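Below: one structure, written as structure tokens.
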Ligand SMILES: O=C(O)C(=O)C[C@]1(C(=O)O)C=C[C@@H](O)C=C1
């Protein structure tokens with residue numbers, strides 16, 4: 001395996017590919033049909049690194065990514081990249097008349113709910129595994145259908161812009177996680193590191209009064225800032241959750257072990273999912 005063989009949510013023209021192009025300095029790139037396939041490829045050693053979407057500013061966490069990282073693979077987040085997201089409505093160049101069906105990734109559809117509701121209330125909406133896939137489907141189906149996707153997908157599939165910037169809220173960004181099985185140094189472009197973060201997963205022994213308060217207190221009195229906390233089902237029964245917590249500092253050998261010992265004394269478990277630099281990159285989004 002070459003040193004930097006990077007898998008991403010493909011096919012061509014996805015936002016994930018855009019993020020990959022913006023971040024990496026060289027390497028071999030492999031597109032996968034869906035997020036689990038991409039993470040499985042890291043697990044199998046087919047690729048050294050995967051880039052997958054993890055959170056969008058409008059629609060929130062990409063649960064498939066979070067859950068797959070927690071339940072199905074043993075990988076670490078080694079970097080994250082935030083890029084602006086601009087959604088466009090793309091059609092076949094020969095299209096005219098009514099749009100009967102709109103294809104896209106579920107997160108992209110969610111980012112444009114209000115737009116679809118007001119502009120195309122009668123169009124059928126169908127999920128695809130990525131926005132790039134939606135653009136491919138429109139290119140092969142021809143006139144009468146549309147894709148929500150980016151300018152790269154338009155360019156690479158020969159589609160026409162029916163409408164641009166159709167996301168419901170202007171401040172649209174997605175965070176992408178870069179994951180590896182065995183963390184190695186990445187060859188990335190010369191972007192400034194915005195901050196360093198550490199993501200931990202905390203499980204509580206059972207539900208009791210003040211349990212989460214005690215967990216948060218372990219970070220609070222050490223003056224460790226948390227930038228995100230989210231509960232997800234443990235998938236062991238209703239009411240059983242784990243907490244995913246982003247801490248705004250790199251892992252260290254004093255504060256984090258201190259938190260871990262304190263939580264373990266309470267019967268909780270803490271697992272570090274990664275400690276990593278965070279990059280924010282402005283990708284160009286020309287529309288014609
Ligand atoms: O479908 C794509 O283009 C993706 O890269 C996936 C994804 C996502 O899962 O959120 C990435 C960015 C946008 O938020 C919409 C879709």
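Glycine residues also receive a Cβ, built from the backbone N, Cα and C atoms like all the rest.
As recorded in TrEMBL, the features of this protein are as follows:
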DOMAIN    5-181  domain 'Prephenate dehydratase'
SITE      174  site 'Essential for prephenate dehydratase activity'
DOMAIN    200-277  domain 'ACT'
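Neighbour list (residue 174 (site 'Essential for prephenate dehydratase activity'), Cβ cut-off 8 Å, at least 6 residues apart, same chain): 15, 19, 53, 55, 56, 57, 82, 83, 85, 107. Taking the domain 'ACT' (200-277) as a whole, pLDDT averages 94 in the prediction. When DSSP labels each residue, the domain 'ACT' (200-277) comes out as 21 helix, 28 strand, 29 coil, counted as helix, strand and coil in that order.
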